[in-house]
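Record features, source TrEMBL:
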- 21-127: domain 'Amino acid transporter transmembrane' (DOMAIN)
- 49-66: transmembrane segment (TRANSMEM)
- 72-90: transmembrane segment (TRANSMEM)
- 111-131: transmembrane segment (TRANSMEM)
Amino acid sequence: MYGQVLSQPVFGALETWASLVWPDSKFVTIEHSIRIGKYINFRGNLLRLTWRTVYVVVVTVLAMAFPFFNDVLALLGAVGYWPMTVYFPVEMYIARKKIQRRSVKWFALQLLNLVCLLVAIAAACGAIEGLNHALQNSKPFKF
């Protein structure tokens, strides 16, 4: 699920690009509504359904083909965790709230940033160790 959440910008970029390249395509632009009960109404188009389904199928096939795929995902998660979840939001908060440099609040946020960076580095080290162990003990594409 974490991968799905971080893939949302990729999904959005492809869907925006497709709508710019094929603005007259009904496959890309027409929104369909599906009503379930009185209050639930889903909206979507065929491109979104097809593209996201293909994405899930490809990732699932890769996960089955590589016995160490979870270790690769752990490394990617460890590398992507700090900048996307901590650094950029903290820096945006500092800029938006106009927090003065070297104030107590600024130091507290920078300390939070540093601690989370250290956690991400430790997680990346653990993921590299797990990947190293998995590569030594597995034979790719052998079921």
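Glycine is no exception: its Cβ is also placed from the backbone N, Cα and C atoms.
Per DSSP, the domain 'Amino acid transporter transmembrane' (21-127) is made up of 78 helix, 10 strand, 19 coil. Within its own chain, the transmembrane segment (111-131) has Cβ neighbours under 8 Å at 68, 71-72, 74-75, 77-79, 81-82, 85-87, 90, counting only residues six or more beyond its boundaries.
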